[in-house]
Structures are given as structure tokens and as C-alpha cells.
């Protein structure tokens, strides 16, 4: 028998909140933004009543969605944008739009999970899976985070190298970028709103930089509109299409968003308050991703106008993109090379800080580590900076090698996507976890279709990459073995979700008969 009435759900939320208070939560009470009392005369005792819309409340809830949107604007995404524009022109803009919409759906589900349960995804995985499974999930998530962080730090280092006119080599840019974790820790001590303000500034810098480039290059408005509205795909642009979709859902970002929404002090015992939070988070997340879509569109169309159909289209990457633009459009009052570098630096710095943030929640959630914030930040940052420094020293003089490395880092993150999506979809579908806030049948079907589509697309990218790299009997055998284990773990995660749901329904039915 399902939880049809609000009273049952109120008790479920009260019990869960009591349990969560006994453990370390994502945010200390003193660190949270207090919502109750904002634009209200008094707190209504009716726990089912949703307060009316308030612009002040929307402002109070605004922040987590913009931090989440940074993952849609990191250097890896920017490289996918510029390559899609240079090779496919305006033809994949429709896919960029729908990929962003799919990403929004996944992130709204992550927010729903965090708000309704008062726990983030890593904590719930720790509670729901046996030790071996949750440790494997943690390792997979950490690998995805390290892969994303390498791209982000390298992106920042490239921007620093450009802005210093080559004086600072790639490795020194990595060291400078590594210090951003101390900026993060400094601002976090002054409250989450100060940290959110920093991200707002960095997003504004990206928007202004890439909008300026858009104005300088003057892409074709009609072709842009047609590209957004009319679906078009060819065999020559399939790799760029896969890259656009594959970059949208970042595994660590799903974990991050489910934790960020807990930065607001919400009375989770009242279902009306939970509905209110979900409403405001849905609005601000939609606005944040609409802005990220426009920024990605600026980058794609700039390179579509500048290099589509040219001989150098296939050789453009993060490191040489600014110079190619400079060669084509000249210096001007403010060289376009430096405009590009400033936007890239803002993207790299913001995404590395959110990576540090996500790493704290992931490590603390999966391992239940009771460490001070600076200790977790230092551990998280070290896990990414050490391999990034090695990469910077090894590939500093080779643009082609950096591009190849970036492709393999994209493959690494693609491999990890099921280990964020499957637990998320299984958990938000379960009534004993979500209560009345479990997703309905329609949303569940759409969500699983999106998840399957994303996993198939990333599977295609993985197979395409491996087919060109695998050679020799020994290496092939190792790849086949790992692939078998990988598929088996995915099947286990799905089957465990089904088993839990059937067990819960059976026990609810038995309880109803006994009563």
C-alpha cells in the first residue's frame, strides 16, 4: 500500500530528519541560508501547505543551480563546442539545446533527491549498497572527478600561458590553479552566499567574454536559428554530436547538486516546505542552464562562422583556438586572443573550485570521513593536481598529444556515467526513500529513456575509441575482461534497484493485510 496521505509522509520525513541529525550532514546548521521567515508574516502550522510564490524567496534559493551549471561550461565542454562549430558548423545547435534539456532533467532529479531526503547521493549510496559495491562506486566516481579535474586545470593553465604570452609554462599554470582551493576555503568560511557570489562573477566573465567574441565575429543569425530549430545530422559530424551529448552529464555534478540544495535551511518535516524548495530550485536551475546554453551557443557559433569548411577545422583545440581567431580577425582594440583566454580562465577556475567542492561531498558521503573541511579539500585537490602536473610536464610542448589526452579523459568520464545515473534513478523512484516525492510513472519513463540514450551514446564513443587503440591478443583479452565486469556491475545496480522496490511493495502489502 503506497504512502497516499500526507500524515504518513510527514512522519517519514520527521524520522529521517532525526536520523540525519545524528550524522554529519552536508552543511552545518550555522552555514545554511535560512529560508523560514523570508517574506512571511508567520510560519504556518499546516505542514501540507505550500507558501505562495515570493521573489525574495526565489532570490534566497538562488545559488546551487548556478554552481551546478559550471559543469556545463568547463574547458572540456568549451573544447567540444569549438570543435562542433568548426567541423559541423551550425548544424548541431539543436542537439546542444536538447542535450542541455536532458542535463536539466537529470540535475532536477538530483536536487529532488537531496531536498526530499535531507541526504545527498553519496550518503544514500553508502546507506543502500553493500560495502564492496559502495567502495567500487566511490572509486569510479573519484576517477571521473579526477579526469574532469585534469581537463579543467589544464584549461586554466592554457589560459594563464596565453595571458602571460608564453612566459608561464603549462606546469606553472597548474600550480597556480591548484592554489584556488585555498580561495575556496577562505570564502567558504565567510558563508555559502559569498562562494555563490564568486561563481556568479565568474559566469558573468564567461558570458561577457564569449558574447564579445560573438559580436566581433558576427555569426549568421538565420543559420543560427535554423541550426537550433531544425535537427540535422550526418556521418561526418557523428563524433562531434556524441561529444556534445557526452559532455552534458558529468558524474560528479550529479552528486554535487544533490548536496548543494541542502545549503538552505528547509523544514523537511513539512511536505509543503519541501514542495516550495523544489519549485524554487527548479526555477533557478532552469535559468542557470539557460544561461549556460547561451554561453555554449556563443562559442559554437563563433567557431562555426570562423572555421567551418576550412582546412584547419579538424586541428583546432583549446590551446591553439585563440591564436587561430587572432590570425583571422587581427588584434583590434583588445585582441580576441586575450578575450578567449579570459573566458577560458574563468571557465577553468570556476570548474576546478566546484570539483574541489564535489570531491568533499563524494569522499565524505561514501566513506563517512569525519575530517575538517580544509583536510578534505587538500586531499581532494591533491588527488587531481599530482596527475595533472605529470600531464602538464609530459605534454607541454605537444598540442596534438594534449588533444589525444583530452579525448581519452572524455572516454574515462563516459565510462563512469552509469554509476551516477543508475543509483540516482533507482533512489528517486523508491517510495521508502522519497515518500510522496518519488517520481511518477511518466517522469520515470522519460528519465530512463534519457539515461539509456546517454549511456548508449557514450558506449558508442567508448567502443569507437577502443577499436582504434586495441591491438594484440593480451590487450584485447584485458579489455574484454574489464568490459564484462563493467557490464555485470551495471546489471547488478539495476537489478538491486528492482529487488528493493519489489521487497518494499511486498512488505507494504503484508503490513496492510495484517492491519
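Placement of Cβ uses the backbone N, Cα and C atoms for every residue, glycine included.
According to TrEMBL, the feature transmembrane segment maps to 93-115, 135-160, 166-185, 197-215, 241-260, 281-304, 337-358, 378-396, 408-429, 441-463, 469-494.
Most Cβ pairs under 8 A with the transmembrane segment (197-215) among the ranges 241-260, 337-358, 378-396, 408-429, 469-494 are made by 337-358.
Here the transmembrane segment (241-260) sits against the transmembrane segment (93-115); at least 3 CB pairs are under 8 Å, leaving out pairs fewer than 6 apart in sequence. Per-stretch counts of Cβ pairs under 8 Å to the transmembrane segment (378-396) identify 166-185 as the leading one among 93-115, 166-185, 408-429.
Touching of the transmembrane segment (337-358) and the transmembrane segment (135-160) is concluded from the presence of at least three CB pairs under 8 A, sequence neighbours closer than 6 excluded. Residues 102, 105-106, 109, 239, 242-243, 245-246, 248-249, 410-411, 414-415, 417-418, 421-422, 425, 428-429 of the same chain sit 6 or more residues outside the transmembrane segment (441-463) yet have a Cβ under 8 Å from a Cβ within it. Sequence-distant contacts of the transmembrane segment (93-115) (same chain, at least 6 residues past either end, Cβ-Cβ under 8 Å): 26, 64-65, 68, 72, 81, 84, 121, 124, 224, 227-233, 241, 244-245, 248-249, 253-255, 257-262, 266, 268, 274, 277-278, 281-282, 285-286, 289, 292-293, 296-297, 300-301, 421, 424-425, 427-428, 434, 437, 439, 446-447, 450-451, 453-454. Residues 76, 106, 109-110, 112-113, 121, 124-125, 128-129, 137, 140-141, 143-144, 147-148, 150-151, 243, 246-247, 249-252, 254-255, 258, 438-439, 444, 447-448, 451, 454-455, 458-459, 461-462, 465, 486, 489-490, 493-494, 496-497, 500-501 of the same chain, all 6+ positions outside the transmembrane segment (408-429), place their C-beta atoms under 8 angstroms from a C-beta of that stretch. For the transmembrane segment (135-160), same-chain residues at least 6 beyond its ends with a Cβ under 8 Å from one of its own Cβ atoms are 71, 74-76, 78-79, 122, 125, 129, 168, 170-174, 176-178, 250-252, 255, 318-319, 341-342, 344-345, 347-349, 351-352, 355, 358-359, 362-363, 366-367, 380, 383-385, 387-388, 391-392, 402, 406, 409, 412-413, 415-417, 419-420, 423, 489.
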